[in-house]
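Asker: According to TrEMBL, the protein carries these features:
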- Glu36: active site, proton acceptor (ACT_SITE)
- His35, His39, Glu58: Zn(2+) binding site (BINDING)
- 1-180: domain 'Peptidase M1 membrane alanine aminopeptidase' (DOMAIN)
- 261-574: domain 'ERAP1-like C-terminal' (DOMAIN)
- Tyr121: site 'Transition state stabilizer' (SITE)
Amino acid sequence: MENWGLVTYRETALLIDSKNSCSSSRQWVALVVGHELAHQWFGNLVTMEWWTHLWLNEGFASWIEYLCVDHCFPEYDIWTQFVSADYTRAQELDALDNSHPIEVSVGHPSEVDEIFDAISYSKGASVIRMLHDYIGDKDFKKGMNMYLTKFQQKNAATEDLWECLESASGKPIAAVMNTWTKQMGFPLIYVEAEQVEDDRILKLSQRKFCASGPYVGEDCPQWMVPITISTSEDPNHAKLKILMDKPEMNIVLKNVKPDQWVKLNLGTVGFYRTQYSSAMLESLLPGIRDLSLPPVDRLGLQNDLFSLARAGIISTVEVLKVMEAFVNEPNYTVWSDLSCNLGILSTLLSHTDFYEEIQEFVKDVFSPIGERLGWDPKPGEGHLDALLRGLVLGKLGKAGHKATLEEARRRFKDHVEGKQILSADLRSPVYLTVLKHGDGTTLDIMIKLHKQADMQEEKNRIERVLGATLSPELIQKVLTFALSEEVRPQDTVSVIGGVAGGSKHGRKAAWKFIKENWEELYNRYQGGFLISRLIKLSVEGFAVDKMAGEVKAFFESHPAPSAERTIQQCCENILLNAAWLKRDAESIHQYLLQRKASPPTV
């Protein structure tokens, strides 16, 4: 908490042990400290006028934390990680009908809790990142300095910030930004191209992007979208920057040869999704394989396609084919985003009888990079290699990759017997792997390790993976453990969430457990964001229409005012999952079978 003059932290957000802390914890501490210190200016020195402008605090602090970490630890490549951690997360939520604008009018205290969500933090930070790019660093600093000087020791509203940035940059900041903060959602830009002699003519159109498919309705909202366009001639720099301020636009790109690709949204900075014509997309795909597209652009392309498939605008099989093009991918964050999306797909397909086939696909995608990385750090490796190794081994172990599972068991045994202690970066993937494919003895050993751990980080690490266990009675044991004295109250939520995300049975058991223990859980967490997190983690994996009704009915008779919007979002997501499954399950199954029959040559 960012009190003026005394910031308070929980241990895992502040304390690092040089030997026993993993790379992701170091990074997390750096980001949290950056965030809280940013609040000394955004929140304390200048305070928002009313809760409607909360995002001025949280969006800014969430943007500045990355600025700080990038300054102190350039080797973390943290701005690429921002796209996966904040930008795509905000877009996922903001595509729902039950999202809300960045600026929300707040009338009742319970509504204040509701707005401490991914829209205020992550969409807030994302539109500031877009704005910084649109204005340019020099004028942005000038405008911010003006704002902080003018309003120090006072209160400010969103409009005050726009006014300062407008006078510093001479650009129509208020007009542009109102379209991003006062209305919810964001646009999908559809683009097609035509070669005319030496020029490429682009035809752009914008519609609101909806998680449920193409926007239908009168009066489609419009945005003023700062658009950047790059080509294969110079993938790291914009060939053209324009402000798209109408529903449709034609653009002429001079001197672009027929064999060059053209890409929108350089650096994945603009808060929109892009849908390319099939010819344009086709020409971009080799740029993934040969890495000529920059990492954050490879990530953005894949993430956009995945969302389009989720919304039913393209087929999921198309995305699986694109995912296979990432075999040579070296970048941690690109893998991390790919891994998240495959995780979402795995959860969806756990409702079918071909769950094993998607696990085979995961093993095929991840085993080449797993073999390249191996288990032990090589000389000259850094922070991102450690993160990537943990991610890949965890993914392979969870999917039951034979060699990974055997090595994880061997190393776990040595660790427990004290022969060879696991390095901090390998603990999560090893714990996860042995638990998922283990028995009651494995769980007992893990709970014993939890009891013995003197570092809160190690306790949390174990709590987060306990849900990987598969047998119904062990799952029950983990859920009971979650509410025991052994687990700090603020960490119970991640244990239950881990069970819900661990397996199909875990999902049902966690939901039943929450209903049976609702009174205790509600008394513990009401009023804070933990109650929303608990609900989201435990029910968002369902994909049957009637579950949405059941969740809705339960919370009608057991109200949780500060989580009201989260509950609506969860029910909407369950229905979207069910529609996705109905639409694409069969074609995904056929594709996976056909792949098995004739494996692709990489």
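In case you wondered, yes, glycine gets a Cβ from its N, Cα and C as well.
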Asker: So if I draw a 10 Å sphere around the Cβ of Glu58 (Zn(2+) binding site), how many other Cβ atoms end up inside it?
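Answerer: Result for Glu58 (Zn(2+) binding site): 25 other Cβ atoms within 10 Å.
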Asker: How far is it from His39 (Zn(2+) binding site) to Tyr121 (site 'Transition state stabilizer'), counting Cα to Cα, in Å?
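Answerer: Cα-Cα, rounded: 13 Å.
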Asker: Taking the Cβ of His39 (Zn(2+) binding site) as the centre, count every other Cβ atom within 10 Å, in any protein chain shown.
Answerer: 21
Asker: Are there residues of the same chain, six or more positions away from Glu36 (active site, proton acceptor), whose CB falls under 8 angstroms from its CB, and which are they?
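Answerer: In sequence order, Met1, Glu2, Val7, Tyr9, Ala61 meet the Cβ cut-off.
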Asker: Taking 10 A as the limit, how many CB atoms besides its own sit near the CB of Tyr121 (site 'Transition state stabilizer')?
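Answerer: 23, counting other Cβ atoms within 10 Å of Tyr121 (site 'Transition state stabilizer').
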Asker: How far is it from Glu58 (Zn(2+) binding site) to Tyr121 (site 'Transition state stabilizer'), counting Cα to Cα, in Å?
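Answerer: One finds 5 Å between the Cα atoms of these residues.
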Asker: Measure from the CA atom of His35 (Zn(2+) binding site) to the CA atom of Tyr121 (site 'Transition state stabilizer') and give the result in Å, rounded to a whole number.
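Answerer: About 11 Å separate the Cα atoms of these two residues.
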Asker: Centre the Cβ atoms of His35, His39, Glu58, go out 8 Å, and tell me which other residues of that chain have a Cβ in range of the Zn(2+) site.
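Answerer: Near the Zn(2+) site, beyond His35, His39, Glu58, sit Glu2, Glu36, Ala38, Phe42, Gly43, Asn57, Phe60, Ala61, Ser62, Ile64, Glu65, Tyr121.
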Asker: Name, in the order they occur in the sequence, the residues of the same chain whose CB lies under 8 A from the CB of His35 (Zn(2+) binding site) and which sit 6 or more residues away.
Answerer: Glu2, Ala61, Ser62, Ile64, Glu65
